[in-house]
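S.K.: Not my notes, these are from Swiss-Prot:
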BINDING   28, 115, 477  pyruvate binding site
BINDING   390, 413, 414, 415, 445, 446, 471, 472, 473, 474, 475, 476  thiamine diphosphate binding site
BINDING   444, 471, 473  Mg(2+) binding site
């Protein structure tokens, strides 16, 4: 095999970086490209219900596998995906967006083709995507196409941001040398500048030597930019108390003896708030300081000794060191930190949240009880996905087993995101370990935006747990504004009929309304193994919400009302 098509080259390269499932929809400008998927052993085409869901699925897949790929068609297809792509950009998720575009000659002649705006401008959609992409490429020359594909894949993986790649329909079946595949794409980070890195390390070590009450705070980009192992070792070597933010949940093992809880500014538990805010040194790893991640910007550190490790810079107090990447900086710090921290005397960390008190089995379910009890159901290795709304806030009260991966969209907050993300995560989990459980918590309102993707789960025999929190509408919106407003109401669905409606044959659908029903279901041994797709409708009062969401809603309403 001396020559292969450009389309096959793309998919062979994706397989080399462990992308095995491709998301998207067929369209006449990408059909020839899609033919090439089936030429690559081990590669599969998911085939989504719509492009928005496909983008959400690509996001969920990338969070577990490191990057993903979605394929859409020019204009109508690619624009339908952009909300999801924007979310991946905001949340630091590497998604390669491949768009099948009209032929080079059609573009040059400015033909009045379908899926265009009718003005001869074939670059307008590319320009739109450029604002939410780390880089873009529009292939026009077969000779440079392989190098451009390699550049786009590398950038997607290394930057953990979306990348746009336009492939004209007339080029995908042209051939390129197969020998190009023999040289792997370089996915390594560029080393830090040695002098800048050394200055950072020396300054951080000095702050550690002087600290009496330091803490470590892990945030979203600790996971996104692959610094979890370094952060864990930092905790082990120093024994500093360690905390996570809502977006960082799952980036530190919560059974670690030095794990102290979730810090959300003023929304934190009193013990966590005191422990973090009284620190005389904060080592922050991968911070993403958005409103819902910080309790509406209510961080209140008493110290100015704050070190921020980021994917592309490090900040020490008020001094910024551009280009000093956290992964390498942490690795260098780990070689010296034990000696610097030898004078530290460990202080107690806030204790693990207490278990629920025993109540009568007939007790109606409430949010506070459910989220504590969820921790009893989870086990090591689970992927836990929480929708924007009560789920994203309630999960902060759940104590994770070790090696649990949390997926949420706290910054972008597009409701309905998690249905597609669950599909993508389920594909990824199946490739990593078929026994790995994928567990979704989503509200009844959010589900109505993206429910079609459950049919894709069924078509592929995927087996996630779908916990649908039925609180009769948009509770998070009611808490912020319009408690009884008609616009926060939805049509109630017969949720237990969804799986058979979408064609499921081997499934379980059950409704739980009381603590006894919840406990009986979640402690059943057969239920605990992911042998089939399951939908669990959880009945909850309309205005019931986790306590931290009630507080956040008040803060958000106040912010919205400010002049």
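Glycine is no exception: its Cβ is also placed from the backbone N, Cα and C atoms.
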S.K.: Using the alpha carbons only, what distance in Å do you get between residue 471 (thiamine diphosphate binding site) and residue 28 (pyruvate binding site) once rounded?
M.R.: 42
S.K.: I need the nearest neighbour of residue 28 (pyruvate binding site) among the binding-site residues 414, 445, 473, using C-alpha distances.
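M.R.: Going through 414, 445, 473 one by one, the closest to residue 28 (pyruvate binding site) is 414.
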S.K.: Give me the long-range Cβ neighbours of residue 414 (thiamine diphosphate binding site): same chain, 6+ apart, Cβ under 8 Å, in sequence order.
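M.R.: Within the chain, residue 414 (thiamine diphosphate binding site) has Cβ neighbours under 8 Å at 56, 83, 84, 87, 388.
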S.K.: With every protein chain in view, how many other Cβ atoms are within 10 Å of the Cβ of residue 115 (pyruvate binding site)?
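M.R.: Taking every protein chain into account, the count is 17.
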S.K.: Return the residue, from the listed binding-site residues 28, 444, with the maximum count of other C-beta atoms within 10 angstroms of its C-beta.
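M.R.: Per the Cβ count within 10 Å, the most buried is 444.
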S.K.: Check the binding-site residues 445, 473 for other C-beta atoms within 10 angstroms of each C-beta and report the one with the most.
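M.R.: Answer returned by the neighbour count: 445.
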S.K.: Any idea what the Cα distance is from residue 445 (thiamine diphosphate binding site) over to residue 115 (pyruvate binding site), rounded to a whole Å?
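M.R.: For residue 445 (thiamine diphosphate binding site) versus residue 115 (pyruvate binding site), the Cα atoms are 32 Å apart.
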S.K.: Have a look at the binding-site residues (390, 471, 475) and report the one with the fewest Cβ neighbours inside 10 Å.
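M.R.: Minimum Cβ neighbour count within 10 Å, taken over the binding-site residues 390, 471, 475, occurs at 471.
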S.K.: Between residue 115 (pyruvate binding site) and residue 444 (Mg(2+) binding site), how far is it from one CA atom to the other, in Å?
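M.R.: Cα-Cα distance, residue 115 (pyruvate binding site) to residue 444 (Mg(2+) binding site): 34 Å.
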S.K.: Among 390, 413, 414, 415, 445, 446, 471, 472, 473, 474, 475, 476, the annotated thiamine diphosphate contacts, find the widest CA pair distance and round it to a whole Å.
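M.R.: Site span for thiamine diphosphate, by Cα atoms: 20 Å.
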S.K.: Give me the sequence-ordered set of same-chain residues, not including 444, 471, 473, with a C-beta within 8 angstroms of the centroid of the Mg(2+) site's C-beta atoms.
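M.R.: Everything else in range on the chain: 443, 445, 469, 470, 472, 474, 475, 490, 540, 542.
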S.K.: Count the Cβ atoms, other than its own, that fall within 10 Å of the Cβ of residue 477 (pyruvate binding site), considering every protein chain shown.
M.R.: 17
S.K.: How many whole Å apart are the CA atoms of residue 473 (thiamine diphosphate binding site) and residue 444 (Mg(2+) binding site)?
M.R.: 7
S.K.: Residue 444 (Mg(2+) binding site) to residue 475 (thiamine diphosphate binding site): how many Å between their Cα atoms?
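M.R.: With the alpha carbons as reference points, the distance is 10 Å.
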